[in-house]
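Asks: One structure follows; several queries about it will come next.
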Amino acid sequence: MPAELLLLLIVAFASPSCQVLSSLRMAAILDDQTVCGRGERLALALAREQINGIIEVPAKARVEVDIFELQRDSQYETTDTMCQILPKGVVSVLGPSSSPASASTVSHICGEKEIPHIKVGPEETPRLQYLRFASVSLYPSNEDVSLAVSRILKSFNYPSASLICAKAECLLRLEELVRGFLISKETLSVRMLDDSRDPTPLLKEIRDDKVSTIIIDANASISHLILRKASELGMTSAFYKYILTTMDFPILHLDGIVEDSSNILGFSMFNTSHPFYPEFVRSLNMSWRENCEASTYLGPALSAALMFDAVHVVVSAVRELNRSQEIGVKPLACTSANIWPHGTSLMNYLRMVEYDGLTGRVEFNSKGQRTNYTLRILEKSRQGHREIGVWYSNRTLAMNATTLDINLSQTLANKTLVVTTILENPYVMRRPNFQALSGNERFEGFCVDMLRELAELLRFRYRLRLVEDGLYGAPEPNGSWTGMVGELINRKADLAVAAFTITAEREKVIDFSKPFMTLGISILYRVHMGRKPGYFSFLDPFSPAVWLFMLLAYLAVSCVLFLAARLSPYEWYNPHPCLRARPHILENQYTLGNSLWFPVGGFMQQGSEIMPRALSTRCVSGVWWAFTLIIISSYTANLAAFLTVQRMEVPVESADDLADQTNIEYGTIHAGSTMTFFQNSRYQTYQRMWNYMQSKQPSVFVKSTEEGIARVLNSRYAFLLESTMNEYHRRLNCNLTQIGGLLDTKGYGIGMPLGSPFRDEITLAILQLQENNRLEILKRKWWEGGRCPKEEDHRAKGLGMENIGGIFIVLICGLIIAVFVAVMEFIWSTRRSAESEEVSVCQEMLQELRHAVSCRKTSRSRRRRRPGGPSRALLSLRAVREMRLSNGKLYSAGAGGDAGSAHGGPQRLLDDPGPPSGARPAAPTPCTHVRVCQECRRIQALRASGAGAPPRGLGVPAEATSPPRPRPGPAGPRELAEHE
């Protein structure tokens, strides 16, 4: 400003009623008494020093600002303060900034004395009737603030909202906003803070009304209190939108209160591009650190910047006025009617001021209201505050391209969502080492993997936490909801990701995405599976008692068969009737060993070489064969069932069977969708089931699926639950089975608060995961791998060693016993042969063992040692004739031995002395028995050949002096024939 112009300011009028303007004096009324306050004192000092430093004038013409403190907002104290200001001869009064009632009193007194009043606070309401001499206001008018809020609501398409008022006159201040809701017929609920200044009840009402847009009309301190309480109630999530009318929004410290995903909008008038703005902020910061080290400096308050601009505006107006006339000051008093004669002129010049200050462009209309200014729209972000748009005083709203939008992909990107869930296998489970982990890493499961896929697809972050009461959600008698539904309604969570069933009743209070899994209600019950198959499972078809009785029956049949064969004369017969020499020798094939072996062959269905002859033995055999036929058939039929399919005994087969009986209890999860299904069902069977479950004591409802499974396994209890969880638990426990089919059809979805802007985007993401088969892959990951096979797989399964390994053990044991018996027989036979042949046992054993292990020899000669004493008598013809037949081969009964003792079978030996040794036997008669055995035919053929020479070694006298010949082997058929 030119020095010559300011020199005019210090020239006093010659009028006798005015004093010479020795200095440009102003009065500032401050209603903030704290040193660490809004910085208004410092702002006034900065403005004064800046003006006085630029203008080189004498000290008596310098700008002076007298500060008066207002202790409380009262008309009496304000009037008293004004009475102290008037005698000082001020050209203008500034403030107060935060006391509309006091500001109204100051305006009234200044109007009476015609002293310009510069308002730096909100406009009083109701506005005083327009006077001839009025004040000017640097603060935005109520109409402008109301219009700005209304335009923001329309821009973001917020149909309904709730207004929290700190004072009753807020409806008048926001008259344009209320009028806009009335015209659009949208809902605007208004709630007033009481004298306690506790916003908690109001916030709870808003939460219960499911309103997501909240407008707060209060100063900075009360707005901060409301947001802090909202954070405690979980109402600062991404689903809530806050719009604050205070112009001190930039200095609100919200980082420790709200979340990163919160949507909080406010206004700012600061012109950050002003050349003096950095110096202004730095000076306030330095002053704050010198005087207020205990608290954090949050930034400059709007009232401080308005005080700074007010000083410059008054100086500019006085400068313009001084160009046209000389002005002077006049001391005034409250008790006199005198006025300042230059006040009206200065007021007119004030309305014509155009100034670019710290709060932007400063201009006034004819009513003294600020015009041609802008309001910066800020959004709270992780980096502080982000400008998302500008509102112009000509009622124009310009939003930036990076602003919030209803486009879901933009709102979800880089957001941190609170996700509530509940522990339910296999959807959400704790990891085995969850205590050593933190955050989302503590959990695993199908829903956890699906949420991770969604977060990667939509680029948002999330924080998993368990629902406080451990319930899915059901309505209470008072209208509230429990569980995850209640947390979504109360906006404590942004999403609910779990085995969350979509129901019509829940859809009324919350939103759901499209189902990510389709299922239905099923019945889970336990079955008796019997013991686990073992190596001796082939014994399972019969009980131990049956096996015992079968053994006793076998022994009884063997004994009866032995006795019947011994008693019946038809079982005694001559085995070789063609040998006429001893016709009275009879045999019985049913020895004790054969009697024990014959039932075994029949039982094993392999037969035996022993055939019954008598009617009694045939009767015993037939009865035993009939017995074994039934036993073997029954065993074969039961063996397949026992080794391939375990027995399952289920007393009920459907929901109707379950409802018609009372022996088996049944229930659902408490406060779950299944319980709600039966509660609201109109089907008669389900109504009866609900009446039973509701009236049954003790309660049949359980708190979790694990508790229901344990109750099923430990008692007669049927559990009603979703089919997917039914399938999962059946795979883990083979003693569980599903009864009947599905009772209904429904789906699992992701829950969100009502009106959530994320619904469409999450639904599209779920559909994309289904199309990519990602959800099916996740299901196979968490459902497969159980201990029990699928019940739908009816293909025949091969039997393993655990089923039939016992029969191999029996076979091995039988082979070991057979080898042991063979060894014992070998030792016993070798020992007897050694005694008869008069050789050592070891020599005989080695000789016999050499023949036994020879692979090429299939026959051998019976070795006989020639005795060292007198020569034995030659084998007589009678001995040859008494040779017995066994299995179609001829064996010698031994020289000098008894024929009856030579063969192993029982026989009847009648005393039949043979013919004299010298007599020639008579010619044999042909064999006349009905059935001629093979050996008889061979003997007849030998006789018919007519060979009369005696065989070698037969008929030679014992006294012969010829050298001894080697021991002959067994006599062949031809030798026998020649001997005869």
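Each residue, glycine too, has its Cβ placed from N, Cα and C.
Residues or ranges marked as compositional bias 'Gly residues' in Swiss-Prot: 894-903. Residues annotated as N-linked glycosylation site in Swiss-Prot: ASN219, ASN271, ASN285, ASN322, ASN372, ASN394, ASN400, ASN407, ASN414, ASN478, ASN735. Residues or ranges marked as region 'Disordered' by Swiss-Prot: 891-927, 944-980. Residues or ranges marked as topological domain 'Cytoplasmic' in Swiss-Prot (evidence: sequence analysis): 566-622, 825-980.
Context for these features, please: burial, neighbours, distances.
Replies: Cβ neighbours within 10 Å of ASN219 (N-linked glycosylation site), excluding its own Cβ and spanning all shown chains: 18.
For the recorded site, ASN271 (N-linked glycosylation site), the DSSP three-state label reads coil. In sequence order, TYR277, ASP356, GLY357, LEU358, THR359, GLY360 make up the list of same-chain residues 6 or more apart from ASN271 (N-linked glycosylation site) whose Cβ falls under 8 Å from its Cβ.
For ASN285 (N-linked glycosylation site), the same-chain residues 6+ apart in sequence whose C-beta sits under 8 angstroms from its C-beta are TYR297. Secondary structure at ASN285 (N-linked glycosylation site), taken from DSSP and collapsed to helix, strand or coil, is helix.
Under the DSSP three-state reduction, ASN322 (N-linked glycosylation site) is assigned to helix.
The DSSP secondary structure for ASN372 (N-linked glycosylation site) is coil. Note: ASN372 (N-linked glycosylation site) has non-local neighbours ARG361, GLU363, SER393, ASN394, i.e. same-chain residues 6+ apart with C-beta under 8 A of its own C-beta.
Secondary structure from DSSP puts ASN394 (N-linked glycosylation site) in coil.
Around ASN400 (N-linked glycosylation site), the same-chain residues at least 6 positions away in sequence with a Cβ under 8 Å from its Cβ are GLU387, ILE388, GLY389.
DSSP assigns ASN414 (N-linked glycosylation site) to coil, not to a helix or a strand. Its Cβ placed at the centre, ASN414 (N-linked glycosylation site) has 13 other Cβ atoms within 10 Å.
Sequence-distant neighbours of ASN478 (N-linked glycosylation site): no residue of the same chain at least 6 apart has a C-beta under 8 Å from its C-beta.
Take the CB of ASN735 (N-linked glycosylation site) and look out to 10 A: across all protein chains shown you find 15 other CB atoms.
As a summary of secondary structure, the topological domain 'Cytoplasmic' (566-622) carries 25 helix, 5 strand, 27 coil according to DSSP.
Mean per-residue pLDDT, taken over the topological domain 'Cytoplasmic' (825-980), amounts to 52.
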Asks: Starting from the Cβ of ASN394 (N-linked glycosylation site), draw a 10 Å sphere and report how many other Cβ atoms land inside it.
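Replies: If we count other Cβ atoms within 10 Å of ASN394 (N-linked glycosylation site), we arrive at 10.
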Asks: Return the member of ASN219, ASN322, ASN414 nearest to ASN735 (N-linked glycosylation site) in space, with distance defined Cα to Cα and candidates limited to these glycosylation sites.
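Replies: It is ASN414, whose Cα lies nearest.
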Asks: Provide, as an integer number of angstrom, the distance between the C-alpha atoms of ASN414 (N-linked glycosylation site) and ASN219 (N-linked glycosylation site).
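Replies: So the alpha carbons of ASN414 (N-linked glycosylation site) and ASN219 (N-linked glycosylation site) sit roughly 31 Å from each other.
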Asks: Once the chains shown are all counted, how many other Cβ atoms turn up within 10 Å of the Cβ of ASN322 (N-linked glycosylation site)?
Replies: 22
